[in-house]
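A short worksheet on the structure shown next.
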Amino acid sequence: QLHSDVDKGDGSIKYILSGEGASSIFIIDENTGDIHATKRLDREEQAYYTLRAQALDRLTNKPVEPESEFVIKIQDINDNEPKFLDGPYTAGVPEMSPVGKCKIHCWCKLSFHSNVFACATIDISCLTAGVIKTALPNMDREAKDQYLLVIQAKDMVGQNGGLSGTTSVTVTLTDVNDNPPRFPRRSYQYNVPESLPVASVVARIKAADADVGPNAEMEYKIVDGDGLGVFKISVDKDTQEGIITIQKELDFEAKTSYTLRIEAANMHIDPRFLSLGPFSDMTTVKIIIEDDDEPPVFTSRLYSMVVSEAAKVGTIIGTVAAHDPDASNSPVRYSIDRNTDLERYFNIDANSGVITTAKSLDRETNAVHNITVLAMESQNPAQIGRGYVAITILDINDNAPEFAMEYETTVCENAQPGQVIQKISAIDKDDPPNGHQFYFNNTATVLTRRNGFRRQEQSVFYLPIFIVDSGSPSLSSTNTLTIRVCDCDADGIAQTCNAEAYILPAGLSTGALIAILACVLTLLVLVLLIVTMRRRKKEPLIFDEERDIRENIVRYDDEGGGEEDTEAFDMAALRNLNIIRDTKTRRDVTPEIQFLSRPTFKSIPDNVIFREFIWERLKEADVDPCAPPYDSLQTYAFEGNGSVAESLSSLDSISSNSDQNYDYLSDWGPRFKRLADMYGTGPDCLYS
């Protein structure tokens, strides 16, 4: 409250207020000078306000005293509860930690900056300053790995009337290696086929360890047993399983079972927990080898044999042998894989495995034959073993020597006697061990013996050369060397070897030949152009549809519509026997005798016998399970009990009372003479 000494209480003085928060937060009663707050004050937002007040004459509005300044200070009350700065909190502590192990610091902000008193539950004791420590020993992560704590902080040192705040603390027990590995079983047994390839997985075993992470990492090793060199064990880093694999091929006939002693041990051992026992465990694994029906096995992977190319058909080359490795020791039969012997040069005895020649051999065609021999079990031909045979063909002297190449020999017309015109060499397809040696009846160098040659007299000389090899027995051959007489320049280089060069006139020049060729090509182009134009102007040979007066054959592959298709034919003709049949003229008889045909009936009475016969057959078809499920044509050879024309048989015709006249048969010619005699009415031919 403000009050001026000049104020007599008669209302002549009024008070005004200015400064921070005036009129908005604070107002003044202009008559009494009382200052009031218009809204709730918060010390945490603003602790004090500076205001100015002045007393004025109400009539003149002039100050009666100097302006005075004063400060309004906001007093604090306990209106803010404690608040945790970083909650909720999470932390971890190793399992099996001793009592008093420091856990976590909980920081709390209070309005009066008073001390913090933290209260915790469940195995946790609390100290001042919010430090949480373990309250129980031997907390086991495997039993419970997480705790949720609610922490409360009170101001006013926990006295009545104080405010409080809460937060949560999640405490996770971290793992330590306090559990040794243990196998669930003391022994294991696995069956493995002997055909399992090397490096295949035989079994997976795992020792249980309640720990996690690195504390559960284990190593496995085979410490004893009779399969140390046959099997090995490794660890799967992801699952910590021990993987047993094969190192060598298994053979049931050699050994039927193996026993392994396997140890599993932790890799990271904590010395604090050695008293809990050895951090390793042992188990026994027995592996039983199952017998498989194996294919026959040859005594050697590769057989090497030799045979002379002069060997006769049926010559024995060698023998292969195979046996059944199974306990049954089934007999083996042999054959040659003909994909490796397409020409069928060799045969093999199915029982003994003796390989013989089946054809004449030629070393020059194929010096080495690589064949595959198949061995099959007699009791199970599907079991096939394969052996490989390399047959080397030994050479004999069966090829005569011959020229090494085709020689093109020339001699100049002006050649001098003794001039060398050609050097020749010979080859032999045979393969002697010390190389080829040949003997010529002429020297290997061809020389001229006379002075000069004339093409007009003889343009080509044929020189026979006799070659003999050094084989035993030796072979020989006569080869012909063709020598052409040529016109040579001063250096002895052949220019022309054509004998007609002196007879024919001088040839045309190159330019003339090119001109002639160009003319011929031009004429060919013109001819082709004219032919093309004529073909375009030619009318097509195919007539228009309106002009086509020839008969056309049109083929339709359309199928009928079945029983429901009543448009393709007259259903009444199939269902009603009383139909009118028109007389149709036959085309296979002459018109002159058509009037002699028997008259046809224009109407046929309703024959009950045929109707009943057809309906019985329809019923049989309907109930027949073997009848086709589609439309079919049923043909019945049923003549009925009689007809208007009576019997058509010639039997009993003599005794028939029919008045039919068959005299017209005699007019049909010699071919119908016998019928005319049989059915004619003349008395002289009745019994002819």
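Using N, Cα and C of the backbone, Cβ positions are placed for all residues, glycine too.
Keep in mind that TrEMBL annotations are predicted by a computer and have not been checked by a curator.
Over in TrEMBL, the protein carries these features:
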- 4-84: domain 'Cadherin' (DOMAIN)
- 139-183: domain 'Cadherin' (DOMAIN)
- 184-298: domain 'Cadherin' (DOMAIN)
- 299-403: domain 'Cadherin' (DOMAIN)
- 403-502: domain 'Cadherin' (DOMAIN)
- 502-531: transmembrane segment (TRANSMEM)
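Averaged across the domain 'Cadherin' (4-84), pLDDT for the predicted model comes to 85. Residue counts for the domain 'Cadherin' (299-403) by DSSP state, with H, G and I taken as helix and E and B as strand, are 0 helix, 48 strand, 57 coil.
Secondary structure of the domain 'Cadherin' (4-84) per DSSP, as helix, strand and coil residue counts: 0 helix, 33 strand, 48 coil. Secondary structure of the domain 'Cadherin' (139-183) per DSSP, as helix, strand and coil residue counts: 3 helix, 21 strand, 21 coil.
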